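Copied over from Swiss-Prot, here are the features:
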- Gly45, Pro46, Pro47, Gly48, Thr49, Gly50, Lys51, Thr52: ATP binding site (BINDING)
- 423-442: compositional bias 'Basic and acidic residues' (COMPBIAS)
- 449-472: compositional bias 'Basic and acidic residues' (COMPBIAS)
- 402-479: region 'Disordered' (REGION)
Amino acid sequence: MSWTEKYRPGSFDEVVGNQKVIAEIKEWIKAWKAGKPQKPLLLVGPPGTGKTTLAHIIGKEFSDTLELNASDRRSQDALMRSAGEASATRSLFNHDLKLIILDEVDGIHGNEDRGGVQAINRIIKESRHPMVLTANDPYSKRLQSIKPRCRVLNLRKVHTSSIAAALRRICRAEGIECPDDVLRELAKRSRGDLRSAINDLEAMAEGEERIGEELLKMGEKDATSNLFDAVRAVLKSRDVSKVREAMRVDDDPTLVLEFIAENVPREYEKPNEISRAYDMLSRADIFFGRAVRTRNYTYWRYASELMGPGVALAKDKTYRKFVRYTGSSSFRILGKTRKQRSLRDSVAAKMAGKMHISPKVAISMFPYMEILFENDEMAYDISEFLELRDEEIKLFRKRKIKAPKRKKTPRKAEIKVGPLYSQKKDKGADKSINDKATDKSAKTPIKSSKKDDRPRDESSSSSDDKKPKEKQTSLFQFS
């Protein structure tokens, strides 16, 4: 059994540090036992501050404990199956409370975690049992919707003197002789991480009855470095071993790369040094891309060598000057261009829907759209077709679009068949007139045929010649 498990505190009295937080936890437990449901506890703090240990001690105050690691069960279905039903049900005959522990709720990352945060919020809302959640990063975006539903307790790093006292008790229990200055140095190196200090002590004491300064130097290491310390070591030193030690940081390695890239021109003076440094950084970025694409994170090792020792050796000599290092400007640029990027994505989505293309292809067409929008009439037609807002139109042209004054033109169908249509119309009119005449003659009674003794002129005689010889005397009689 490791010493961290062997000497894990079993009660609140044995916990090192964060006494104010422990007092609030005791009040929370007391309220639950009095039948007053409370918000879930969200224990937030860096590694080694005792979050999981406190959760286990709280579990001893209730009848049962259900512990889940949220980063292992990331999807909504997995979380609901594991904790959803258990949190929403209570026995009809047993009123004992069950503690539900969700560890590392800020460890949900990636596309596979769809619905994970929503599931946690749903479990919190429906839970009829006390809940304790733990997280390392208080500023994680995953906690934005969870924090309002919880009682947040921030755990601070354990003080160096408290860590040294805990290490001293372990040495006495194990029968190991260790000077106080060595224990203080171990505590200092742990940077407030009690678990890390105990692990270091166990590693140094293996097979030994006494720990002296010589063992301390042999086991010397800096568990984690500050981000700016790592950047300073890379840019100020040419010592490869020193740079490698400084590169052991807890931050995202791509963030370290951005910080180094931002400060290279501030430290290096010669153009060839800057060129070599950025060549190393670009190669490191390629390996980061491969790691993400193939999910083979051993590529990070090569990226770390390139952006650490590679950049450090890119300079011909170290510069003994004061340089004020700054953070990555990419975050400031992204903040300033957030609105513009939002408009770009909105227009790309509209183009993709209307033109049946991908948003990526739509964005690649923006330069051509700027050319098309130089024509007022075309700009008006395109903006009407895509249903663009005024602020979206400004992506392609600065001045407003005026509605063009167009002449009224005949409809397309009339242009094509206009003469034919008019001819058909005239023929139809003549036909209707003839039909009316036929109907009128059909209704008029037929007079008896008698010779007319009145004189007739030439016109009448000519018209009589055209008449049939035998007159029709009945509607049903035909010649």
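Every residue gets a Cβ built from N, Cα and C, even glycine.
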Fill in the blank from the handout: Surrounding the recorded ATP site, with Cβ no more than 8 Å from the Cβ centroid of Gly45, Pro46, Pro47, Gly48, Thr49, Gly50, Lys51, Thr52 and those residues left out, we find Thr134, Asn136, Leu155, Asp193, Arg195
Completion exercise
Note: among binding-site residues Thr49, Thr52, least Cβ-dense neighbourhood at 10 Å is Thr52
Exercise for the section: Would you count the other C-beta atoms found within 10 angstroms of the C-beta of Gly50 (ATP binding site) for me? Expected result: 23
Fill in the blank from the handout: For the binding-site residues listed (Pro46, Gly48), most other Cβ atoms within 10 Å of the Cβ sits at Gly48
Problem - binding-site residues (Gly45, Pro47), the one with most neighbouring Cβ atoms at 10 Å - result: Gly45
